[in-house]
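J.: One structure is given below, represented as structure tokens, and several questions about it will come after.
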Amino acid sequence: MGMPNKGVVLLDGQALAYNIEEDLKYKIQAINTQTHKRPKLAVILVGKDPASITYVNMKIKACERVGMDFDLKTLQENITEAQLLSLIKDYNNNQNISGVLVQLPLPRHIDSKMISEAIDPNKDVDGFHPLNIGKLCTQKESFLPATPMGVMRLLEHYHIGIKGKDVAIIGASNIIGKPLSMLMLNAGASVSVCHILTKDINFYTQNADIVCVGVGKPDLIKASMLKKGAVVVDIGINHLNDGRIVGDVDFTNAQKVASFITPVPKGVGPMTIVSLLENTLIAFEKQQRKGF
């Protein structure tokens, strides 16, 4: 990895996620003592995509660590849209299920947008339902998508101010880039979102106080593209042929320029998963209050 510069601080998502998990474990135990109930997350996995299987396993292990119940449904690649919608409907109507999550990407013959919209917004712990996205845009309380929520928590934990800062976000996905840009905007940043059609990404990154990237391209962000003292948030996860897992940033060199940087792994990844657990607990508590 090379020696970091003396001044750079690694944004340790793993350590922060561990602390939040301990807190969740305590809360869930207290709820269980009082009500004999536990939050329960339903996870739907379609097909055998290796990365999806890995992510689902990580989510389930995290549920186990905090004492949250889960229900995992693994479905064949060739399941019909109607069958999947029917399963989601069952989970929506099941009072013991607090949150419903469909692991993306889905096979080509299934319309992901329609599936996201089929989940009850009150159980949409991924924060992908149009109603929750709309609430995010209008700053109403909603389930925040887990990765952007995790990024904001990580920056907050390290007292990295966002108000008045220039932020460059590379990647305009509905899951990460767009909601993250909205959270940054809500926190008072001036935000530029770059994507495949952006003429000169350097122009945006070199002027940014905070650079967030999540597109799935190793070494996309080089040290020369960063201004001295930038905060670098690497949301990319790439599995290299030699078995290494790296992000989208040339970490070895970028850490010589940055003031703060997330490692990959152990940076944003653990924060994503713990944010999902937090959303599930919030969903559970809201449903209990409604006498659901």
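Cβ coordinates are placed from backbone N, Cα and C, and glycine is handled just like the others.
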J.: Could you look at I160, I162, I196 and say which one Swiss-Prot places alongside G171, A172, S173, I237 in the NADP(+) site?
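T.: As annotated by Swiss-Prot, G171, A172, S173, I237 share the NADP(+) site with I196, chosen from I160, I162, I196.
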J.: Count the Cβ atoms, other than its own, that fall within 10 Å of the Cβ of S173 (NADP(+) binding site), considering every protein chain shown.
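T.: A count of 16.
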J.: Applying a 10 Å Cβ distance cut-off over all chains shown, what neighbour count does I196 (NADP(+) binding site) have?
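T.: The answer is 7.
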J.: Judged by the number of other CB atoms within 10 angstroms, which among A172, I237 is the least packed of the binding-site residues?
T.: A172
J.: Counting across all protein chains present, how many other Cβ atoms fall within 10 Å of the Cβ of G171 (NADP(+) binding site)?
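T.: Result for G171 (NADP(+) binding site): 24 neighbouring Cβ atoms inside 10 Å.
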J.: How many Å separate the two farthest-apart Cα atoms among the NADP(+)-binding residues G171, A172, S173, I196, I237?
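T.: Value for the max Cα separation, rounded to a whole number: 18 Å.
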